[in-house]
Each structure stands twice: as structure tokens, then as C-alpha cells.
Amino acid sequence: MRGTSFILFAVVVILGFLNANAEPLANPAPLANPDPLANPDPLANPEAFDLLGLVKKVASALG
């Protein structure tokens with residue numbers, strides 16, 4: 001079993017070195033939305049999770 005584990009470890013190490021030495025793409029495709037402030041998500045609600053309100057509700061329920 002030690003031999004199999006060593007072989008798998010060696011394969012992972014070799015693949016890691018190959019991946020680390022791979023050249024990046026010359027001109028990668030731009031992100032779909034590079035500036036999140038330019039086109040905010042219309043479904044995002046900053047008030048959806050009110051932590052302070054939740055703490056106050058729990059404190060009032062316990063006390």
C-alpha cells in the first residue's frame with residue numbers, strides 16, 4: 001500500500017509542477033462584469049440580513 005501511495009503522491013507533485021510552469025493565456029477573456037459598481041446586481045438587497053436587528057430581537061426575546 002505504501003508503494004501505491006508514493007506513486008499517487010509523485011503524480012500529484014509532477015502535475016503540480018507542470019501546472020505551475022504552464023504559461024498563462026496571452027490575452028485572457030475579460031470578466032463578464034469587471035466593475036461591480038458599474039452594474040450592480042438588481043437582486044442584491046443590502047438590508048436583507050440585518051445583524052443588529054437580529055441581535056436585538058434575540059436579546060428582547062431572552063430578556
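Quick reminder: no glycine exception, Cβ is built from N, Cα and C everywhere.
Positions annotated as signal peptide by Swiss-Prot, on the basis of sequence analysis: 1-22. Marked as repeat 'AXPX 1' by Swiss-Prot on the basis of a curator's inference: 22-25. Swiss-Prot lists 26-29 with the feature repeat 'AXPX 2'. According to Swiss-Prot, the feature repeat 'AXPX 3' maps to 32-35. Among the features that Swiss-Prot reports, repeat 'AXPX 4' is placed at 38-41, with the record citing a curator's inference. Summarising the annotation, Swiss-Prot assigns repeat 'AXPX 5' to 44-47 and lists a curator's inference as the type of evidence. Per Swiss-Prot, leucine amide is recorded for LEU62.
In the three-state DSSP classification, the residue listed as 'leucine amide' falls within a helix.
LEU62 (leucine amide): 6 other CB atoms within 10 A of its CB, across all protein chains.
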